[in-house]
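Participant: Pasting a structure here, questions to come.
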Protein chains: 2
Amino acid sequence: MAVGDASFPQMPAIPGVRLGTAMAGIKKANRRDLVVIQAPAGARIAGVFTRNAFCAAPVTVAREHLATEQEARYLVINTGNANAGTGDEGLRDAHATCAELARLTGVAAEAVMPFSTGVIGEPLPMERLLAGLPAALETLGEGSDSWHQAGEGILTTDTRPKGASVTLELGDATVTINGIAKGSGMIQPNMATMLGFVATDATLDQALLEELLRETADRSFNCITVDGDTSTNDACVLISTQRGPAVVGDEAIAIFRNGLQRVMTDLAQAIIRDGEGATKFVTLQVNGATTRQEALDVAFTVAHSPLVKTALYASDANWGRILAAVGRAPVTDFDVTKVTIDLGEIRLVEKGGRAPCYTEEAGSTVMAREEIPIRIDLGRGEQSATVWTTDLSHDYITINADYRS
Amino acid sequence: MAVGDASFPQMPAIPGVRLGTAMAGIKKANRRDLVVIQAPAGARIAGVFTRNAFCAAPVTVAREHLATEQEARYLVINTGNANAGTGDEGLRDAHATCAELARLTGVAAEAVMPFSTGVIGEPLPMERLLAGLPAALETLGEGSDSWHQAGEGILTTDTRPKGASVTLELGDATVTINGIAKGSGMIQPNMATMLGFVATDATLDQALLEELLRETADRSFNCITVDGDTSTNDACVLISTQRGPAVVGDEAIAIFRNGLQRVMTDLAQAIIRDGEGATKFVTLQVNGATTRQEALDVAFTVAHSPLVKTALYASDANWGRILAAVGRAPVTDFDVTKVTIDLGEIRLVEKGGRAPCYTEEAGSTVMAREEIPIRIDLGRGEQSATVWTTDLSHDYITINADYRS
């Protein structure tokens, strides 16, 4: 199941960013499961990574390599195996993967960043993985098809590849931002089982690149949740080839930030639309909070409630469950009589109870839709936050009870 | 579905504590849905209540009445309707219920404590509820059957009544503690959609009664979770008739505390065994924490993980999911290389990865059981906590997508 439009967008080339894929048979035969992304010499790269204390070996190594003086030139991503919970052997395997790709391409091992996703706790099938690298390098290309195939090559339980692209006018010049992402379960704030690879031809200095990646990730990938589980492997990387127009000055930075946010949010929402077993795409907007964190706390409490999620699955406007979830959010001195809850255009709750004008019929009309907006106003302050989530369906259980992920 | 023994124990009478039930047709016909519990004159009562900010009208009124000088003489419990999210009308209905029972029995309205459980946000069907009160009073009795029928009369989605009883030797005298409880979904710390009614003939002063109820609830009802949702209506009440032997002195208090803990823990575990859709009963013990709260945080993070819960449902020893959940628990400066995870007698994880001696076969043997103990040692300190939970099954979805609770 998945919600909404499944098409993969046309992606303009970003000169110097080349993507190649191979079928290495890491877990299953006959599927793209190995991706190499090449950045041109002189490119800058920023990354954000999982905050799970058990981070996977490739995350450790990617972080290390990103921190060296050596400029990053290659990303190598395998699906089918997360190389997580694999101890010292896992670190050796991640290093060996970088070393082999470095040998094949004539760069330093520290110029390669590794990424893995899939089953936790099993050793990487190194022989097959390494054997696949030459094939992935042979297919390196800049075109839209290369982006599409790379988008497919990083999937696990996803049902479709996820891509987003924007073209921005920066003065007289044009800037492109392309991105691909994967993820459909184990999705929650502070990165999901989520990999995102975004590239732009714009020229940005390293500090700005890192700041904009953090900022936009906080309002996209860190605002989605399928099931509250955080992966050991999450990462999102932003490559700037430094070949296009410079992003300098408040106006240019604002334009670029908006464009980047659009790509990041599109990718994050695509992950939710393809959430495991998802039949609904739910936008939870919390307003009237005293801090953004408070708004996020309420939004995630509702988004993680299995009772709210099963009611969404049933298209049942069971506002009592939403109210109960709001009521148990970690908010101090909570005056519930000031809370309002709206379902789409319908007022559900006010003054601590069902709104007088509410009818089951009106609620059911909204709940029958695939895309459901829920707006909660706490009546305490000026801050807000938006979180995107799915319902909880039989298919979620089937996928996660049957799939060793 | 439910796990383990379904029998209801024999309950010795506690002189003066009488229970009556009626079929008032509050939501469905032909089921016990109204219960009255009578405490004798001179009894003392302690209560603990939901911390949900949207607490239901009966919780507000029960708290108010408990705080008055008036001694509590009657509890009135209806199922089928939670009288929650019902605003001022709900408060009026809860007060009217107390007033009518007071009128029928000749006590003050403040001597009656109301409790409700069931669907949120619909007005109480007052006419049917009040009409049922005389019938419930007519059946008041002290015997085991009365406890059993009251146990049935408070159920919602539960598949079976839950009772526990202990008899203690206190010097030359004998003390009895009986309890009944309900709850099977929306179960989480700080009270679940949980009602518990416990009574004893022992004589305790008010401060000790309250302290022991809080203490034992913290290690029983506040340590269970089905789905992380907290109800608006949770309450647990402890009645002491003051007619039996006095609980005075360290030794007597220790004996009584242990007995009360046993009743409370038995009832809490019975709720989990009957958790919505439960096919597994899971004991999560976290040791080696620096504080009890830290141990609880880790235990609940694992217990709420849908990926861990679906793996348990599938009897899949997917230790990677347990490890990932432990890794995202809110613990600072977490050295994951010190963590060990045991599944029953099998070592799953040590030194940040799969234990060398672990085999899938050994893991599967434990996972095939109905009762699964998981022991997590954080290697940081001396504190521990135990939490009980269920798996997440297709039946959970079916129950909560179909039932308007």
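Count begins at 1; order follows the chain as displayed.
Placement of Cβ uses the backbone N, Cα and C atoms for every residue, glycine included.
Got these off TrEMBL a minute ago, pasting:
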BINDING   B:Thr156, B:Lys182, B:Thr193, B:Glu276, B:Asn400, B:Ser405  substrate binding site
ACT_SITE  B:Thr193  active site, nucleophile
Participant: For the binding-site residues B:Thr156, B:Lys182, B:Glu276, B:Asn400, which residues show a Cβ-Cβ distance under 8 Å to chain A?
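Facilitator: Near chain A: B:Asn400.
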Participant: In the three-state scheme derived from DSSP, which category covers B:Thr156 (substrate binding site)?
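Facilitator: Going by the DSSP assignment, B:Thr156 (substrate binding site) belongs to neither helix nor strand, so it counts as coil.
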Participant: If you count Cβ atoms within 10 Å of the Cβ of B:Asn400 (substrate binding site), leaving out that atom itself, what do you get?
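Facilitator: For B:Asn400 (substrate binding site), the 10 Å Cβ neighbour count is 29.
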Participant: Which residue among the binding-site residues B:Thr156, B:Lys182, B:Glu276 has the fewest other Cβ atoms within 10 Å of its Cβ, if you could check?
Facilitator: B:Thr156
Participant: Can you check what DSSP calls B:Glu276 (substrate binding site), collapsed to helix, strand or coil?
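Facilitator: In the DSSP reduction, B:Glu276 (substrate binding site) maps to coil.
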Participant: Check B:Lys182 (substrate binding site) against DSSP and tell me helix, strand or coil, would you?
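Facilitator: B:Lys182 (substrate binding site) sits in a strand per DSSP.
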